[in-house]
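Asker: Structure in structure tokens, see below.
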Amino acid sequence: MPTIQQLIRDEREKITKKTKSPALKNCPQRRGVCTRVYTTTPKKPNSALRKVARVRLTSGFEVTAYIPGIGHNLQEHSVVMIRGGRVKDLPGVRYHIIRGTLDTAGVKDRRQSRSKYGAKRPKA
């Protein structure tokens, strides 16, 4: 426990919170252009080919973003919207591409959790 004199001399240091998605620059989403669309493999216990894209953002950053859902229509020069949110088994992937906005099509034949995948309500 510091004395009052010690606190006057050296005040307590404020704890600075480090952001988990610096490329967004405190915005909820950011627009960007795909520079490369490819698949990558996850960390140790899991096995798959995860779809990811390298995206150059309007904030000047170039980040790796995950493409959620089954099937996608993205290619180089596609304009996409990204949000924060990491993929636990892909190191370095800290952003998600938002389906159903700009050049990204929604997931076809999606019936549950449609809003998360940009899918329209199916005809009854």
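Glycine too: its Cβ is placed from the backbone N, Cα and C atoms.
This is the feature table in Swiss-Prot:
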COMPBIAS  113-124  compositional bias 'Basic residues'
MOD_RES   D89  3-methylthioaspartic acid
REGION    105-124  region 'Disordered'
Asker: Among all protein chains shown, how many Cβ atoms are found within 10 Å of the Cβ of the residue listed as '3-methylthioaspartic acid', not counting that one?
Answerer: 15
Asker: Using DSSP, what is the helix/strand/coil residue split across the compositional bias 'Basic residues' (113-124)?
Answerer: 4 helix, 0 strand, 8 coil
